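Written below as structure tokens is the structure these notes are about.
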Amino acid sequence: MSGEMVVDRPLVLVGLMGAGKSCIGRRLAQRLRLPFVDADREIEQAAGCSIPEIFARHGEQAFRDGERRVILRLLESPPFVLATGGGAFMDPRTRAVIREKAISIWLRADLDLLVRRTGRRGDRPLLQVDDPRAKLAELMTTRYPIYAEADLTVDSQDGPPDATLERVLAALAEFTPSSDRQTETDEGRRAASS
């Protein structure tokens, strides 16, 4: 028996921009031999333009509506790893579907780390403000209590991404059955029913 983790539904990474959802998501998918999907890229493909363009042309609410539709469609797929945008889990309907059809993993990061990571890219519509640090702090205040509803919480820290990946894998191993445990459970059910 291999003892490999049994992933029977999609794995959805949630958290603020800069928490490492795409970076860790790609590594997690590779390690588990699952497809990786970045919700933001799927939204851009569906809309035919970039996320900053969607925000500029149609506003945040239109973006969130499209995001929800894309995530709902994606979650009909067999197991895969999905990196969501920072606001996706805030939508109650999206959150309910994620709860029903997936395992949610919050990548929690501290403010200093988020500021450093998001400062490397200038394409974050919500950070096009005079004080991005204050905006991130505000987002942490409003979003962290909701992110805490995720099935798993893993700290995303400065350092090699593989260290965060190992923490995600350890949390998943405790949450999901291994093939050994699944076989033992199946055998126990068969024995109990005979």
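Placement of Cβ uses the backbone N, Cα and C atoms for every residue, glycine included.
Per TrEMBL, the features are:
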type	residues	note
BINDING	Gly18, Ala19, Gly20, Lys21, Ser22, Cys23, Arg124	ATP binding site
BINDING	Ser22	Mg(2+) binding site
BINDING	Asp40, Arg64, Gly86, Arg143	substrate binding site
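Locations of recorded TrEMBL features on the structure.
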{"residue": "Gly18", "record": "ATP binding site", "DSSP class": "coil"}
{"residue": "Cys23", "record": "ATP binding site", "DSSP class": "helix"}
{"residue": "Asp40", "record": "substrate binding site", "DSSP class": "helix"}
{"residue": "Arg64", "record": "substrate binding site", "DSSP class": "helix"}
{"residue": "Gly86", "record": "substrate binding site", "DSSP class": "coil"}
{"residue": "Arg143", "record": "substrate binding site", "DSSP class": "helix"}
Spatial neighbour of Gly86 (substrate binding site) that is closest, considering only the binding-site residues Lys21, Ser22, Cys23 and their CA atoms: Lys21
Around the Cβ of Arg143 (substrate binding site), other Cβ atoms within 10 Å, all chains included, total 18
Could you check the binding-site residues Lys21, Arg64 and say which one's CB has the most other CB atoms within 10 Å? Lys21
Pairwise Cα distance maximum in Å, substrate-binding residues per record: Asp40, Arg64, Gly86, Arg143: 18
Binding-site residues Gly18, Gly20, Lys21 vs Asp40 (substrate binding site), shortest C-alpha separation belongs to Lys21
